[in-house]
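For reference, the structure discussed in these notes is given below.
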Amino acid sequence: MLQCLSGTSCMRAIEGYRSTWYFLVLVLGYLLYLIFGALVFSAVELPYEELLRRELRSVKEQFLEDNECLSDERLEEFLARALEASNYGVSVLNNATTNWNWDFTSALFFASTVLSTTGYGHTVPLSDGGKAFCIIYSVVGIPFTLLFLTAVVQRIMEFSTRRPIEHLHRRWGVSKPMLGAIHASFLAVIMVSCFFLIPAIIFSVLEEEWNFLESFYFCFISLSTIGLGDYVPGEGYHQRFRELYKLGITLYLILGLIAMLVVLETFCELQQLKNLRKMFYLRKQKTEDRLNIVDHDHLSFTSVSDHASTFREDKTDGFPDAITTTSPSATLN
């Protein structure tokens, strides 16, 4: 009898802390995924780094042999200065002097990468005043960008997701979760085609040194706001219509980021993913009114509305009015 009661108590304790166990498994899985990525990147990239180092040492030694009047110390001093300038987006090459980093279109492109937190790093402020203004501009501009994206995505979601699903549900009688999954997949295909595949083909044509994989890599790194900066369009030598090209890229980045958020939000609204998220959330005994901080017609870039939605999902099928989206700065770098 005591063994039965003890076993029942243990089962109740395990059941009561189920979300905690799931959360611990989630943390462990994330750490393992980080380690896995580090191992793969190290195994793949380390040999190429070593090869590049050997090539650079060989080129340097050959240059010193051909120019005996130049000492190794003087060459090191010049290369250090040149690399320092290169980190600020300034090159000493003769064929790179035609491209200015701070004309209006380049500055507009830089501002868009700052506000979207993409931050390629190919161009950075040179002066102390520029660095100070960049801090102030970002402090105001990044929340402003989140507000702007929230409003845009909310309106697009209404016409691209909620109304079509509601219309098809009433007309065909298909369940909203099923329609939501099909609709999300359809939007994902359209987004990948319009903002990844087609732009990658265009960039591979316009950028002479880029192939399709490199162009697709740039599109993904940019629209996911990772922004590594190893590939930046419009920086090639003798780029034709560079100002217009930069404006087009800026527009592409803004529209692409909006499209990414719409697709992510559509997937986040799927009932299957909501149930998956609830497995890892801490359940609190609070009323819906205290949890539902944001209005039903506004996006939340935190998980607060996710907690609130757990109380509503029993009453609502499919896509509720409240939107829970992932933060652009998490997508956003």
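Cβ atoms are placed via backbone N, Cα and C, with glycine included.
Database features (TrEMBL):
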TRANSMEM  21-44  transmembrane segment
CARBOHYD  Asn95  N-linked glycosylation site
DOMAIN    95-157  domain 'Potassium channel'
TRANSMEM  135-157  transmembrane segment
TRANSMEM  178-203  transmembrane segment
DOMAIN    192-268  domain 'Potassium channel'
TRANSMEM  215-232  transmembrane segment
TRANSMEM  244-264  transmembrane segment
REGION    311-333  region 'Disordered'
COMPBIAS  323-333  compositional bias 'Polar residues'
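If you look at the transmembrane segment (178-203), the same-chain residues 6 or more away from its ends with a CB under 8 A from one of its CBs are 160-161, 164-165, 168-169, 210, 212, 215-216, 218-220, 223, 233, 252, 255-256, 259-260, 262-263, 266-267, 269-272, 318-319. Counting residues of the domain 'Potassium channel' (95-157) by DSSP class, helix then strand then coil, yields 44 helix, 0 strand, 19 coil. For the domain 'Potassium channel' (192-268), residue counts in helix, strand and coil come to 54 helix, 0 strand, 23 coil, using DSSP.
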